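Listed in TrEMBL:
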TRANSMEM  7-28  transmembrane segment
TRANSMEM  48-67  transmembrane segment
TRANSMEM  87-106  transmembrane segment
TRANSMEM  143-162  transmembrane segment
TRANSMEM  183-207  transmembrane segment
TRANSMEM  227-248  transmembrane segment
TRANSMEM  260-280  transmembrane segment
TRANSMEM  321-339  transmembrane segment
TRANSMEM  351-374  transmembrane segment
TRANSMEM  406-426  transmembrane segment
TRANSMEM  451-470  transmembrane segment
TRANSMEM  476-496  transmembrane segment
REGION    525-551  region 'Disordered'
Amino acid sequence: MTNRVIDWPTFIGALILLLLVTVPLIIFPEEGKLYVDAANTYVTTNFGVLYLLMGIAVFFFLVYVAFSENGRVKLGEKEERPEFNDFSWAGMLFCAGIGSSILYWATIEWAYYYQGPPFGIEPGSRQAIVWSSTYGIFHWGPIAWAIYTLPALPMAYFYYVRKSPVLKVSEATRPLIGKLADGPLGTLIDVLFIFGLLGGAGTTLALGTPMIAEGINRLTGLETNMIMNVGILAGVTLIFGISAYSGLRKGIKILSDLNLFLAFFLLAFMYVLGPTRFITETTTNSIGVLLDNFFHMSTWTEPFNRLGPFTKSGFPEAWTVFYWAWWLVYAPFVGLFVAKISRGRTIKQMILGTIIYGTIGSLLFFGVMGNYGLHLQLTGQLDVISILNNEGAPVAILDVISTLPWAPFIILIFTVLAIIFLATTFDSSSYILASVVQKEVADEPLRWNRLFWAFALCLLPLTLMFLGGLDTLQTASIVGGFPLIFIMIMLAWSFMKASNRDIEVSDQYKPKVINLNYKKILEKLRRGKKKQEPPQKGPVDAHFEEDDPNR
Ligand code: NM2
């Protein structure tokens, strides 16, 4: 059974690529770091603009699709209602796509922009402060969520409309590459995706673990060291291993409901007991600044600074390009996951839901947690920036949290929330990795397979954490995620090609919701073909049915 279901070339291919990258990094950490850093500089300097263009193009493409005929197509049967209610759906998608990094960056990202603002602005100036509370929202906002949503389109379409029981990135490019999806090209696409995701998840762990360790230190007084980090990783792996093992409807859903509840609690607590008016005013102001400058921010490349008398800040590469690359390596995973939970919704609902709920979620975190910290800085209650510069981000983050009333209690909530946020991203990651290395996913991927990836996700960062090569891996994965830009284009193209053709054949143009019956479409196409072709070309018929879904 297992032998037939598992797609061994992809499974082994992903493991080999991973070993090929990590073993040299383990043996030659210094040289490895040099090479990877050089590759990173090369890609972000020369192709940074491609990332920016990709971001804005994806955003407008999705807005177009949502309001086009294609957006009305329902993912599932005519009478079918959404499998999960809106609250659980939004919660699951947010928790899958967002890990503990949001607690990290929402609390501290402003402090980096405060001292290193964009657009040549004076550090620490009034303008810098305005941007410091705006830029984080942009980097976690509509474009970022659009990058997450795009892969969901073809994947959900093929899974629920065309009823192909395969949850794979390569499968979603089939209309474009046809039978090549079953060969080495398909395998390469899936392997690149797995590689990118493992690295992106490594970045998440590298940021999340020290922050959780700092939280535990404040609660228990235990020293933050390697043993603690390993313990945290083991604990998180155990939680998400169990969750991934018990599946989508039980473990993953329960954990993400709990995650949402705790997150709302923490945000409400900070908002009500913190400087409520400052938070409200600054967030509102930032939304305006963001809307006003949306295009400028999404296309800012600093072009003249390389030539003229001005120095180059490197802000676009260090932040926007880095972020888009990070969202990109996670995108096919989140896309697959969103596709899986979106049964019974229309494409439009799926697109707008992901972008809007996602952005609102990020906005709440950055608005409340970021402006809470900014307020401490501006009022002189806590010099967050000096702490950040002298003692590092995890200490600064926990210092900010510690200023809240009932500090020990709230640190506990914060730490538990970080652990669950990590676990919810990782349980859905292992679920999806398992799906991608299977030829078929009838309902859920095989259990042992889900568990295998749960451990693979942690084992690698763990090894590298010991050897101190984790940041090299992060950079490597982000560079390694570069081909995903082209895979994104293929995914968009495939979706349009397949869905335009299906809608055309089905003659369903007017209704609000388009219910496509793919069997009937194939039937119609066959009949159409019969009329045109002379009867002696009979065998073409069978060929057509097999081949045509590939178009
Ligand atoms: N993104 C959203 O670590 C995490 O929170 C997971 C990070 C891509 C910046 C995703």
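Keep in mind that glycine also has a Cβ here, set from the backbone N, Cα and C atoms.
TrEMBL annotations: computationally assigned, not manually curated.
Contact between the transmembrane segment (406-426) and the transmembrane segment (227-248) is present: at least three CB pairs lie under 8 Å, with pairs separated by 6 or more positions in sequence. 143-162 is the stretch from 48-67, 143-162, 227-248 with the greatest number of Cβ pairs below 8 Å to the transmembrane segment (351-374). Just going by CB pairs under 8 A, the stretch in 7-28, 87-106, 143-162, 260-280, 321-339 that sits most against the transmembrane segment (48-67) is 143-162. For the transmembrane segment (321-339), the partner stretch with the highest count of Cβ pairs under 8 angstroms, out of 183-207, 227-248, 476-496, is 476-496. The listed stretches are 87-106, 143-162, 183-207, 227-248, 476-496; of these, 87-106 has the most Cβ pairs under 8 Å to the transmembrane segment (260-280).
When each of the listed stretches 7-28, 183-207, 476-496 is scored by C-beta pairs under 8 angstroms to the transmembrane segment (143-162), 476-496 comes out highest. Long-range contacts of the transmembrane segment (183-207) within the same chain, counting only residues at least 6 positions beyond its ends with a Cβ under 8 Å from a Cβ of the stretch, are 7, 9-10, 13-14, 17-18, 21, 99-101, 104, 168-171, 173, 177, 233, 326, 328-330, 332-333, 422, 425-426, 429, 432-433, 436-437, 456-458, 460-461, 464-465, 470-471, 473-474, 476-478, 480-481, 483-484, 487.
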